[in-house]
Amino acid sequence: MTQYNLFGFRDSKRNLKLNTNLKKRGSITLTQFSENENLLRNDSFENETLQLSKNKSQQKIPLNQLENYQNYKKNYFPKSKIKPENPIIPRNTFIQNDIQSDNFEENENENEIEIENKINQFDENEFDLIFYSSIEFIENEQELTVSENVTLLIPQIDKDPLYIIGDLHLTSYRLFFQPNENNTFYDKKISKQLPNIPLGFINKADKIGGQKSKGMYSYGIEVKCKDFRVYRFYFPKVNHSRRFIFSKLVERAFINDLRLTFSFFHKSNSSIDLGWFIYDPLKEYKRQGIESTQKSKWKIVDWNSEFGICTTYPKYLVIPSNISQSHLEKLKKFRTKQRIPVLTWRNPKKLNTICRSSQPKVGVARSKNESDEKLILVISQKNPSKLPLQIYDCRPKANAVANKAKGGGFESLNNYKTSELTFLGIDNIHTMRESFTKLINSALYSFNDDKKWFAELDNSGWLIHIQKLVYWAVKGAKLIDSDYSLLVHCSDGWDRTTQICTLIQLLCDPYYRTLEGFIVLIEKDWISFGHKFSQRIGHANEKSNDNQRSPIFIQWIDSVYQIWQQFPHAFQFNEEFLITIYEHSISLRFGTFLGNNEKQRNQIGVRQNTASLWTFIYDHKIKFLNEVYEEVDGLIYPSYSLRHLIFWERLYLRHMGFVGNFTSLIDSNRQTEQNAKEMIDNLQKLISKLKKSIEELKEKINNLKKD
């Protein structure tokens, strides 16, 4: 739905500004149009005054791009002098002008005649339609309430804060602020800091002061976001002006029931959401060369269709062909959360594999399970190279040992004799949460102070954690290239395990570096294998200090970006694609990342009742494609040196108006590379022409000799 926020004309030689006083009409009808010009909604306003004034934050749209202009002109400025019963006036109408406004008398007929005469003086091709930078409502988004004359405080780095007056809007999907028309933003950084917050991003909302608090800015609301943005809105101290919008905001943002979030109201009932069908587990495993035939070493089973084996695993599991269902029943309780070892990826060329699981329940008593030991032995034997199975325990060894006291632990090589064990030393969700908090709270607000910036960035430890993920991904990919098979686990097998498994696959399999393949990778390993998105992100949950929240997925997205920026040609998708995935894992617009596992999503009917992010991605595919993509067949090995890992400005500073130097450098390099490609193409064409000319000359010489 397109919300037209102004309708105005600007002559190339003269500028026109109109102040239209409509108070005497008593009641007017404001009609909102869609792009196909169907009437969508009528709002009646009494004693409404529409002021047409200048604003710098506008986007000019050439008139030839707006269809049915004549119909608009006919509706808004009828040639008949008879006043229509319900004049159609676009909402928030104003016309830009840089000169003093013409004053019109309140006589309506004179107004209409004068407006019509002035408009008719212009040639259609000489002016543009101008739109105020506004919020475009998405499908089924509804405005719930608006608070007027609200003051927004915007903190500035090394400067006094800005105070901007405008209207605070709460919709069923977001909270956004629209400045009054007399606010002019010459600095793009400021306009980017204006709040437009999907409700899923809101971490906490608090009241500031009360009706009797002293001071101009002492009665308001503070909104804290999950990406650590903080906004303060101050209200007039009259009639408890913040009460209604605050109660509605808390009610909508912390609804504590996924079925009541906006994602369940966004989907059109009539549309078929193709995004839900991009990932087909049977098709994906078949691509890897796994088919349930008698000669196959692996088989796809649906024994978990009722989630009896594991409540957090998908319906379809891939296991060795000679393992029975009763065998799995015997070993499932030996693994934490019953997350047994199963295959997630098979090398289509070398036939070695990556399997995943949770930790074994060894405990202080050093328990063992023969069925589990046999399964690990069989997995090892399925590798054609017969090399030892490499077990990657993602935890620091001290943590793994400590887990024995809680009934967990790790594999004893005395019992798993065909395996080798390596501890990766990746810290847990609590350490990652603290690191991310330091990164945002400290590093962002010292951005203009180089010495403090690097100190704070180093103190956060964020890039150190990213480095560790990339390091072990490279090591794992090299093992795969050397014909080894892997089993990866941590404690529960849904956080660090998923990070490592997917990064290794990204390095090894070119398919996962395509737009479709990357979607399949997320669906397969993150969503279907039960990463707890709703718990880690805190979807619609008011417990802002929940210690189960952790930035595991954003850390992985950042790790992918680090690889992407070193191999920009090897990925079919661009940086915007990664940022969009991150934002909509939180926004609650789509159902793709709702819930903690496949069982929970089935129970609340996510596929049937919500829209898929992947449909949105494919509808805007051109926006997410990498222009310099060239398929790299085989493995890629990024550098994991800190010298080659960078702070991702476009993600973490996207709401502060900064433009990353590296991003500019990448864009510049891409342009240079594109120019070089064009030059090479032109040279090749020139060489072809020269060859053709030489052949023609040779032919002419031969003909002359014959003559």
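Here the Cβ of each residue, glycine as well, is placed from N, Cα and C on the backbone.
According to TrEMBL, the feature active site, phosphocysteine intermediate maps to C490. Around the Cβ of C490 (active site, phosphocysteine intermediate), the number of neighbouring Cβ atoms within 10 Å comes to 27.
Taken from TrEMBL, the feature substrate binding site applies to N403, K404, A405, K406, N428, I429, C490, S491, D492, G493, W494, D495, R496.
Summarising model confidence by region, the coiled coil (666-707) averages a pLDDT of 72. What TrEMBL records for 666-707 is coiled coil.
Annotation source TrEMBL lists domain 'Myotubularin phosphatase' at 275-652.
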Among N403, N428 [binding-site residues], residue with fewest other Cβ within 10 Å: N428
Listed in sequence order, residues with CB under 8 A of D492 (substrate binding site) and six or more positions away: T336, K337, R339, S358, Q359
C490 (active site, phosphocysteine intermediate) and N428 (substrate binding site), Cα-Cα, nearest whole angstrom: 9
R496 (substrate binding site): tally of other CB atoms within 10 A of its CB: 29
Entry from the binding-site residues list A405, W494 having the most other CB atoms no farther than 10 A: W494
Spatial separation of C490 (active site, phosphocysteine intermediate) from A405 (substrate binding site) - C-alpha basis, Å: 16
